[in-house]
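First up is the structure itself, then whatever we jot down about it.
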Amino acid sequence: MENGNGAITNGHVNGNGMDFCMKTEDPLYWGIAAEAMTGSHLDEVKKMVAEYRKPVVKLGGETLTISQVAAISARDGSGVTVELSEAARAGVKASSDWVMDSMNKGTDSYGVTTGFGATSHRRTKQGGALQKELIRFLNAGIFGNGSDNTLPHSATRAAMLVRINTLLQGYSGIRFEILEAITKFLNQNITPCLPLRGTITASGDLVPLSYIAGLLTGRPNSKAVGPTGVILSPEEAFKLAGVEGGFFELQPKEGLALVNGTAVGSGMASMVLFEANILAVLAEVMSAIFAEVMQGKPEFTDHLTHKLKHHPGQIEAAAIMEHILDGSAYVKAAQKLHEMDPLQKPKQDRYALRTSPQWLGPQIEVIRSSTKMIEREINSVNDNPLIDVSRNKAIHGGNFQGTPIGMSMDNTRLAIAAIGKLMFAQFSELVNDFYNNGLPSNLSGGRNPSLDYGFKGAEIAMASYCSELQFLANPVTNHVQSAEQHNQDVNSLGLISSRKTSEAVEILKLMSTTFLVGLCQAIDLRHLEENLKSTVKNTVSSVAKRVLTMGVNGELHPSRFCEKDLLRFVDREYIFAYIDDPCSATYPLMQKLRQTLVEHALKNGDNERNMNTSIFQKIATFEDELKALLPKEVESARAALESGNPAIPNRIEECRSYPLYKFVRKELGIEYLTGEKVTSPGEEFDKVFIAMSKGEIIDPLLECLESWNGAPLPIC
């Protein structure tokens, strides 16, 4: 039978209409959890992005996503608003009314008539005063001067959204009007100031959440930040938000409902995971670009290899890389190179390239699993006691224990550190001319390598980033301390772990930024390499034809057969090993060209005795003409490329990875770095990092994969 508050009084349905007596085929929710993991990770990321960009977040208690939390936290109230489900009002009111009725009947209930935690043996009939004291003693945070000890406003906004969502489910005993007030604060971009530290996320995030309650109740020590960054008093905050009726006098249980939840930890975890999912996909695509510029062998993505390993994250990572590399102009060129000279490089690529799917796959699985765990948490009812109107009772439990947050954040941080470790290994190969298959040391792009040290500083910075990231990978959750007179003797440290994971994400963005700019530099160096090699070949061929074809009397000369071997050497020699001074006798070009001519002369037999048929006699003339012509031709080719008129276009434009290159070079205007320019690497890295932090990299990243059908290429 339904009472006037919309609650079933003789069944097991609360005011929100949830019937827990109904039989279900999945009573333990393992099926729901498994179903949430179906489909590809990339499709899930695309869905996240689409949801992130919606202008309205509609809260009903059970459908909140990490994308919506990230949107509210990042967009500061501009372009996105929160709406509360009117259907939830009855359930919220029913639980609030139940608490008041219970209090009036003299029913003993934790946090309503009792003290808190280890001192819950104390009793009082002053329910409102008890809630007021709860907020007072929990306001134990330290802010100091400045904002160093204040929780970032984005994380506070996330916490506010998550807490509203929890309380909307009607099990907490709080008035709907309080939830509407918090919503107005969000929509008007008025953010309470919460302490950065001071919570162990069990019983919930008591200390930081008490400052939201402090603002709602008008505590004089409460502060908020307005839309323009101005510090507001509670009175100013209420006025600006349009909250009418003055400060709230908390009714029994309402203070506890506001503070006894995991919203701060899970809110920040949601923000972190939104970015972690994007960065995981970026790592997959950048690994494929790394294979392109390193002239890697694409067979490392072959589906059979990964099918036999069985791990879905690995299979998807390999399929994504395979898609990027399929038809790549770099892969085609590399295949020709390997066929021409199979001994020029090792039979197998190094682990950072060849095992990148095996390395990234488990990290993606961990991040995806953590995402689902946090998504369940932000839709959970996590305070205590829970008000079960249907059974006319308050249930004392421990849903405030934020273990899912602490564990998922520890695991996510470990995955982020592993992604960073791979990125560092790849970057280290990229800048090292002993490993990078012909690219210049440090990716130096200028004419004079003695005055151009390219990405050397960036490599040092990457080592620093990676070291700090590996340190952060250490778990937080094994540092639990017994708290609150040994009542809270195990606790989750959820927010601490979320904060450390947020730091890890920032560092991974620094590494991703540096690596992406390095990859773009390598792409342009391959373009330069191709143009310069073509110029050298054409010049050597031209001089060979002019000098080596004919004898002094116009007859065909034996040296005419040298040209093919001369050009074969030019093909095989790394261009950046000599191009800064191509005709230097100490560099390999002139040495190998002379060696080739000498070898032909030694095979020329008795012809060498005749001045008219001697190949030895041609060497000096050949070298002199080459010295006169080649430096000019090389400089001309460089100048043409720098002016945007290269003889050979950039292969990247034919590749699926082009959108990321285009984003860096054209949309952000990041320069090709050389020692000849004034611009430092850090100035350019900053632009990419800022854009990445704003989410501007998402569209070009997804554009690289827009034609992927979600499956690996068939095994033929």
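Quick reminder: no glycine exception, Cβ is built from N, Cα and C everywhere.
Straight from Swiss-Prot, the features:
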type: ACT_SITE; residues: TYR110; note: active site, proton donor/acceptor
type: BINDING; residues: ASN260, GLN348, ARG354, ASN384, LYS456, GLU484, ASN487; note: (E)-cinnamate binding site
type: MOD_RES; residues: SER203; note: 2,3-didehydroalanine (Ser)
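When the C-alpha distances from the residue listed as 'active site, proton donor/acceptor' to the binding-site residues ARG354, ASN384, ASN487 are tabulated, the minimum falls on ASN384. The highest number of surrounding Cβ atoms within 10 Å, among the recorded positions SER203, ASN260, ASN384, is found at SER203. Taking every protein chain shown into account, ARG354, LYS456 are the binding-site residues, and of these the Cβ with the most other Cβ atoms within 10 Å belongs to ARG354. In sequence order, LYS297, ARG354 are the residues of the chain that are 6 or more apart from GLN348 ((E)-cinnamate binding site) and have a CB within less than 8 Å of its CB. For GLU484 ((E)-cinnamate binding site), the same-chain residues that are 6 or more apart in sequence and have a Cβ closer than 8 Å to its Cβ are GLY117, ALA118. The Cβ of ASN487 ((E)-cinnamate binding site) lies under 8 Å from the Cβ of GLY117, ALA118, each of which sits 6+ residues away along the same chain. When the record's (E)-cinnamate-binding residues ASN260, GLN348, ARG354, ASN384, LYS456, GLU484, ASN487 are compared pairwise by CA position, the greatest distance found is 58 Å. LYS456 ((E)-cinnamate binding site) sits 49 Å from SER203 (2,3-didehydroalanine (Ser)), taking the Cα positions as reference.
All protein chains considered, the CB of the residue listed as 'active site, proton donor/acceptor' has 16 other CB atoms within 10 Å. Secondary structure from DSSP puts ASN487 ((E)-cinnamate binding site) in coil.
DSSP assigns LYS456 ((E)-cinnamate binding site) to a helical segment in the three-state reduction.
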